[in-house]
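I have placed the structure first, in the form of structure tokens, so that the comments after it can refer back to it.
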Amino acid sequence: MESPLIYVSVLLLNIFEFSSGIVYNKDDTEKRFACSNKGFPQENEIIKLYLFLENLKIQCFFQTENEIASKAMLSVFTSGGLAPSLGIMNSTYNGIFHFNLTLFSDRILWLVDIPRENITQSTDIAAVEEWLVRITLHHGLNIYATEGTLLDVIREPILQWTPGDVIPESEISKLYPHVVDLKVTKCPCANDVALLGFIVDTIVDGVYIGITFGGFWHDYDTTWFNMTQTIYSQLQEEYEDLSLVDMVLTNHFLVILTSLGLFVSEDLRYPSRHSLSFSRADFCGFERVDYVKGKLWYNERCFANREHFEVDYVTVTFERNRTLSESSSCFYSQEPFLEWVPCLPHIFKGIKIFPTVLTFLVDQERGTGVYLFYNKVRKTAIASVSTLRNNEPNSQSKFPIFRFPSSFSSPVGMVFHPRSHFLYAYGNQIWLSVDGGNTFQLIANFHDDIIKKTFHSFYTSAITFVSQRGKVYSTKAGMGRYSAVGSVTERIFTLYYDHLGFLHKLTLGRFEASGPPTAFGNSRNLFGQPPDMGFETALAPQHTSLDEIIFFAYVPENEPQETIYSKKFGNIHYGKVIHSGKTGRAYIRKVLQHTTPKGFLSSVIAEMKEPFGLEEVNESSCLSSSLLINKAGNVYKLTLDSQVVQALFEDTDIEKTVVLPGYSSFLITSILDNKNALAIATMPESAPNNMTFLKSTWFLYNFGQRNGRTWKIYSKPCNYWFQHDDSPSLNIVKYIDLGNSYVLKAKVIRNAKGFRMLEIPLLTVFVGNPNLLEVTAEVTFDDTDSYVITISAASKVLHQGSTSLAFIMWSASTECFVTTMVPTLKSSCSYLRSMHHIPSKFIPFEDWISGVHKDSQGFNLIKTLPINYRPPSNMGIAIPLTDNFYHADPSKPIPRNMFHMSKKTGKFKQCANVSTREECNCTKDQKFSHAVAFSDCREKVPRFKFPITQYPVSLEIINEDGRVPLQSPYLVTVTEVNMRHNWKLKHTVPENIKRMKQLVEPILGAAVYNPSGLNLSIKGSELFHFRVTVISGVTFCNLIEEFQIYVDEAPLPFPGHTLIAVATAVVLGGLIFIAFMFQLQGIHPWRTFQRWIRRNQEKFSSISLSELIHRSKSEE
């Protein structure tokens, strides 16, 4: 008893090893929370939340089988102080908010009030991801969770427009008799925002489109528009028979193909007061008969937080052969879709006989164009890939042309699964390419049926195929198996996946979803009961071990060649379950096609989960006798003991299988008489000959279909849990900058009882563009035999781009909610990545508001700038020369504006062309921004005492993973935006930095500094505004940070040097002037001085010694 307990403990520990991960496929799909932000929440409703300019207010209650039980559960939670948490997430964001208990209309509800800026600060109209919301409550060992969506209504582009005249619901129903088909398209980033269009007959003219923001869950969420006049306004002549043909909603544009031409909307991001207008694309030589057979092709990708290399492409194809006057029957364009160019390279334009282009798609991950050609004469299909150069396909193929087999005789088109690199070609077969169109793998063969439509969900990776006969098939992106899920009986319908992956069937006047919230992901009620995927033939089981069995499918000798496929196992049976009419089931692990043994052209290897029921003597009397087996040519003769009278072969024994432990099994094909029958061996090499088997040593299985098929094949229940530890989102987007790497972990946990331990990989990993990043994988089996994979991706080239990284549980059932995870890795700069200056002294935000924050000596560290302030220049404090105003107010006078040079400079930015500061519309963030672009709004700056020496310029990089100090190999340049010069930088220069400086500085023409240990000294006064820029080549990001320092209490300048200089100049000038005047008057001071000296000498020499003595005595 100890071993199971230990095992359970280890299992639990390993399950919670990824503390931040979510385990999928656990069948805990019962939805317990009902929530709404538009009135009182309704029970059993999908959670649809909407974000407007005001706060997001959400009310939730705990729903059970009745109101009394709900209140009882709430009292339990309340007494325990429990309340649910709300997770809001998309591919790059994850926020957690907590509910509070409140009372509303005698109902106990949980309430949360979230300011919009706590979710997003952006209000501009752009392609923005719809958020997923997950409401979770932990109570003991129970985890109650419910998922929903949150749509930012004010930012979604298409919702800001009125594309035509609004049609009342009562009027739209009058069009139903004239509708011949439906077309649906959805927003790439918010799949709950979708458009539904009517294709009408020639009796009714017009383009009629319905727009929903709630994923077609309710009729009242759809607004209908008549766009007829909008389209007619672009036609220069009078036309008739206008109808929608196809449409595509891209990230920023709506493209509509009608019977009278192709029309492209204006940019949806810039709404105006008028209705949405369109421009018409001109295709020379094409008429209505061509347009009604046209198709639009689009590689759906979400461009939220758009990169410069991300752009939408749309292709239009026409079902006609090119003539000498026409350049192509296939055209493509990139946004803004103003110029449509032929899909074929120029080298093919002169060729008269060339295969028809069925589809042309742009693979943005690899930068290629993928073609699907079809030769109607030879009935052959090929795929070709060309490199795009300047957005035009190269005439030379990137890979060798892939030729589909002749069995792919009716190709229809190609499609990329959204946000991935999985490429599907479909028609009477389905082919999958995981390497950009270089090679394809056969997924399904429908023979005389043709797949006409495909529908995709990026969230669950689900794909639905619909054939021209109305049969519906499903698979998961990247998987090599598929299932039949039923059929559609309506003549006019279309399918649609919403943002949470629910499948909807849209018909005239009725929208059906794939089940209530308690049946998440279940599509069976849309298409009836799950179909039996068996086929009309007999199976012959052959045991190979106690838990492994092979089923051989019988093909009669007289079976027509064209119907042999209907008697064989196919790809559809891979991963399914064989059920016996009695008891027993087995999981199909492998499908085999072969030509021997005779009569068996296919087989499956299956793992027995439950033993199959044997025939009893009362069902087959032959079991009461011994059995003699003799070979008779290509068949075997089975003979019963003639002494046992009651033992007889009967017609009901035909297609039953004789099982002999240790030998080949035999399928009975005919009865010769009561004691003799003919059979074929499943394994002739191990078949006995001229051997007798006693009673009870041989057995009979009945897997025949002569008296009604006794076996069935259904989908296998989900057999794996999937967990990843990085984000609650399945479709995360991660940015990898130059020199950086990213690690992603995932775990696959078996949940089947009695499963076999197989040391084989349970995950397959595909990289969309293997040339972009260096991707490595490390796999292990943990103590519970769960499969753990660690993926490391690192940048390796100075090239920006994106690639999808697909994790596929290849052995999982298609019934699993999650079999495929497709994160996107971008070799680029994250929009969340920025550089920040760390102030040397922290000042709380409330002190910034008040403008007072004093240090220990009473010195205020905040300076409120004068109105219309400009920093001084090198010419003096009173002569500012910068264009930047601070604390701008156009209604107030401008100080320091007396000199002509100062009057010529100085320009308002935020306050340009307004008369008061209030009209500048400065936001709170702009008022405290260090950016020079918002200097008009800046009012307060950090204040320091003179002098500033060795001020540490500390910088850090902030991204979604945290904060990292800025250090080498990042190098920076530093400038003062107001052109002040009395400052100096000091930094350490190691040998490696020294070499980089020598290489970079001549190129940049500026000094480069090491950010580690960077110090600043300032000798001037008043405001200094610095900009720090990381040099290019070491990051994809444009990392720029600005900071300001106000230097106050600077002493007056010492005048000694100036006075000495002036005195010296005056003395020298006076001497030079006197010398000039002497020269001008002819006065020679030197000569006069010399004569005076000589006269004195002569006079002194004429006096005698006695006279000198006499003079000295008289003086005494």
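Glycine is no exception: its Cβ is also placed from the backbone N, Cα and C atoms.
The secondary structure of Cys60 (disulfide bond), as reduced to three states from DSSP, is extended strand. According to Swiss-Prot, the feature disulfide bond maps to Cys35-Cys60 (among others), an assignment based on similarity to another entry.
Counting only same-chain residues at least 6 apart in sequence, those with a Cβ under 8 Å from the Cβ of Cys189 (disulfide bond) are Ala127, Val128, Glu129, Glu130, Asn251, Cys302, Phe303, Ala304. Taken from Swiss-Prot, the feature disulfide bond applies to Cys189-Cys302 (among others), supported by similarity to another entry.
Cys330 (disulfide bond) falls within a strand when secondary structure is assigned with DSSP. Annotation comment: Swiss-Prot describes Cys330-Cys343 (among others) as disulfide bond, evidence class similarity to another entry.
The feature disulfide bond is assigned by Swiss-Prot to Cys718-Cys816 (among others), with similarity to another entry given as support. For the recorded site, Cys718 (disulfide bond), the DSSP three-state label reads coil.
Feature annotation from Swiss-Prot assigns disulfide bond to Cys829-Cys1037 (among others); the stated evidence is similarity to another entry. Long-range Cβ contacts of Cys829 (disulfide bond) within its own chain (separation 6+, distance under 8 Å): Tyr735, Asp737, Thr1035, Phe1036, Cys1037, Asn1038.
In the shown protein chains, 22 other C-beta atoms lie within 10 A of the C-beta of Cys911 (disulfide bond). Among the features that Swiss-Prot reports, disulfide bond is placed at Cys911-Cys920 (among others), with the record citing similarity to another entry.
The Cβ of Cys937 (disulfide bond) has 24 other Cβ atoms within 10 Å, all protein chains considered. What Swiss-Prot lists as disulfide bond is Cys922-Cys937 (among others), and the listing cites similarity to another entry.
Sequence-distant contacts (6 or more apart, same chain, Cβ under 8 Å) of Asn90 (N-linked glycosylation site) comprise Glu129, Glu130, Trp131, Leu132, Ala304, Ser729. For Asn90 (among others), the entry in Swiss-Prot reads N-linked glycosylation site, with the evidence type sequence analysis.
The N-linked glycosylation site feature in Swiss-Prot is assigned to Asn100 (among others); the stated evidence is sequence analysis. The secondary structure of Asn100 (N-linked glycosylation site), as reduced to three states from DSSP, is extended strand.
Sequence-distant neighbours of Asn118 (N-linked glycosylation site) (same chain, 6+ apart, CB under 8 A from its CB) are Gly95, Phe97. Asn118 (N-linked glycosylation site) carries a helical DSSP state (H, G or I). Marked as N-linked glycosylation site by Swiss-Prot: Asn118 (among others).
What Swiss-Prot lists as N-linked glycosylation site is Asn226 (among others), and the listing cites sequence analysis. Around Asn226 (N-linked glycosylation site), a 10 Å sphere centred on its CB holds 18 further CB atoms from the protein chains shown. Asn226 (N-linked glycosylation site) falls within a strand when secondary structure is assigned with DSSP.
Taken from Swiss-Prot, the feature N-linked glycosylation site applies to Asn321 (among others).
Among the features that Swiss-Prot reports, N-linked glycosylation site is placed at Asn618 (among others). Look at Asn618 (N-linked glycosylation site): DSSP puts it in coil.
Residues or ranges marked as N-linked glycosylation site in Swiss-Prot: Asn690 (among others). Under DSSP, Asn690 (N-linked glycosylation site) is assigned to coil, being neither helix nor strand in the three-state scheme. Cβ environment of Asn690 (N-linked glycosylation site): Leu628, Ile629, Asn630, Lys631 lie under 8 Å away, each six or more residues apart in the same chain.
According to Swiss-Prot, the N-linked glycosylation site annotation covers Asn913 (among others), on the basis of sequence analysis. According to DSSP, Asn913 (N-linked glycosylation site) is assigned to coil rather than to any helix or strand. Around Asn913 (N-linked glycosylation site), no same-chain residue at least 6 positions away in sequence has a Cβ under 8 Å from its Cβ.
Positions annotated as N-linked glycosylation site by Swiss-Prot: Asn921 (among others). Counting every protein chain shown, the number of other Cβ atoms lying within 10 Å of the Cβ of Asn921 (N-linked glycosylation site) is 11. Asn921 (N-linked glycosylation site) falls within neither a helix nor a strand when secondary structure is assigned with DSSP, and so counts as coil.
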Whole-Å Cα distance, Cys920 (disulfide bond) to Cys718 (disulfide bond), is 60
What's the number of neighbouring CB atoms sitting within 10 A of the CB on Cys1037 (disulfide bond)? 20
Specify the count of other C-beta atoms within 10 Å of the C-beta of Cys302 (disulfide bond). 25
With DSSP assignments reduced to helix, strand and coil, which class does Cys302 (disulfide bond) get? coil
Starting from Cys911 (disulfide bond), work out which of the recorded positions listed here (Asn226, Cys937, Asn1010) have their Cα within 10 Å, and give them in sequence order. Cys937
Around Cys816 (disulfide bond), how many other CB atoms lie within 10 A of its CB? 23
Counting across all protein chains shown, how many other Cβ atoms sit within 10 Å of the Cβ of Cys343 (disulfide bond)? 25
Nearest to Cys816 (disulfide bond) by Cα, among Cys60, Asn100, Asn226, Cys330, Cys922 (recorded positions)? Cys60
Intrachain C-beta neighbours of Asn618 (N-linked glycosylation site), sequence separation six or more, cut-off 8 angstroms: none
Find the one among the recorded positions Asn226, Cys330, Asn921, Asn1015 whose C-alpha lies closest to that of Cys718 (disulfide bond). Cys330
Check Cys35 (disulfide bond) against DSSP and tell me helix, strand or coil, would you? strand
Using the alpha carbons only, what distance in Å do you get between Cys35 (disulfide bond) and Cys937 (disulfide bond) once rounded? 41
